[in-house]
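Trainee: Before we start, here is the structure in question, set down as structure tokens.
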Amino acid sequence: MSHHSETILTAILNTKYLENGSKHKIIELPKTNIKKLIKDFLSVNSNKKIQSDCVLINYFPNALLLDNPNKNSSVKKEQTNQVKIIEKPITNNINKPEDIWDIIDNMDKENNSESLENIQSENSENNDNFTDNNTKKSPTKSRICSGCGSKGTLLEDQSSSVLVCSECGMINDDLLDHGPEWRQYYNDDGRGEGVNRCGCPSNFFFPKSSQGTILAGTGSGRLKRKQKWNSTVYKERSLNDVFEKISTICSKSNIPRIIADTAKILYKKLSDCKHKSGNNVGKQIIIRGHNRISIIAACIYKACEMNKNPRTVKEIARFFGIDEKKVTKGNKQFEKIMKNTDDNMIILDPVNSNSTEDYIRRHCPRLKVNKDHTDIAVKISNNCCRMKLASDHNPQSIAAGAILVMVVFCELNIDKRKISRLFGISDVTIDKIYKKIAPYAPALVDDGATDHLINKLKING
């Protein structure tokens, strides 16, 4: 190290110690005046039109730590007096400057070492837990050999399906394979029949046909189907025909699948009902002929009500291509059989099974009415039922009248004929309900106003 660089380094270190109030010992300055050297250097480079700060930074990287020459003279005298207080110089690391990058590298190394130690400790803990869990789960680790009495020496021989001791070679127990017999890749091997050796699971709709194991033949597919149907119970064969008819009608009429499944369950439970009185006590109720079609239509009608997606009798009759009277007759017969069934066999919710809200929420999207206006129509219909303004009409007619009141109240451009055609109700019926509801429309829109009218008029008591 040259004399000039050593002088600059010593001055910078002393100034830093004094500013930070460090307890390090002050290093003795060389006899050469550092400030005079810097002034000489700046005077030499001033002709080159270079800024003094840039020159200092380029040639003396730590020169900014020195005192500013513009400071008060009193502060300079105090600092020079402090520098003159000399103790014994520190012999260690005088010639080595403190590099900030070395400090950062050392800190990174310490952090990396700490993280590695943490990872190693976590891995060791996980390994210990894994071994503990294995010893708890595996029964062979804790079992004792019946031949030599050693513990933890039993091994599972999968090829022979036995539990063998690794010390004495004695067979202690047999093993059972709880996995599948073999895997089936959905007949990708080209074989027509399946390779499973067990039958299908029990079916709620066909309990008798799902029992036992069906052995498939090697003939053509048509013979297999005949063999399958010949082995099926007659009653379940007729049930399958009914279920196919329900599925076909629901799919053609855009009825959701959940309604079709509910209708199948209702028909299945009705077919299992038995007579409770008369000459046929204990015998199952037989449903056949035209009576069966009416019962199927009634099951779909009830399933729509149970799933809050009601259909009118006229719609159900149109789906099946039968008269409305047959649908009504089927509903009456359905209720009659339901009364004669065992307790809790068929559970129907008589309350709110067919409400005005269900009809409104079903038909408003077809009228291109948004959700806010739909909620207003629902509120009008509910408050109308609470005030008993149109109690002599069915829910479908009240829903149509509530939609018409909402259209007039909100000033929407929807024709009354379109509502009557969509609901299947005459214009006269809608006009009757409208005249009953329209005078109370401002109150029916607000639940608080409706409550006030109910209390004032004492409608509910």
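Yeah, the Cβs are placed from backbone N, Cα and C, and that goes for glycine too.
Keep in mind that what you see is a predicted model, and the values were worked out from it rather than measured.
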Trainee: Looking at 9-41, 42-74, 141-173, I want to know which stretch Swiss-Prot calls zinc finger.
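Mentor: Matching range for zinc finger: 141-173.
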Trainee: If we count other C-beta atoms within 10 Å, could you say which of the binding-site residues Cys145, Cys165, Cys168 has the fewest?
Mentor: Cys168
Trainee: Where DSSP helix means H, G or I and strand means E or B, what are the helix, strand and coil counts for the zinc finger (141-173)?
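Mentor: Taking the zinc finger (141-173) as a whole: 2 helix, 13 strand, 18 coil.
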Trainee: Where does the mean pLDDT land for the zinc finger (141-173)?
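Mentor: In the predicted model, the zinc finger (141-173) has a mean pLDDT of 81.
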Trainee: Give me the sequence-ordered set of same-chain residues, not including Cys145, Cys165, Cys168, with a C-beta within 8 angstroms of the centroid of the Zn(2+) site's C-beta atoms.
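Mentor: Close Cβ neighbours, site residues excluded: Ser146, Gly147, Cys148, Gly149, Ser150, Thr153, Leu154, Val164, Ser166, Glu167, Gly169, Met170, Asn172.
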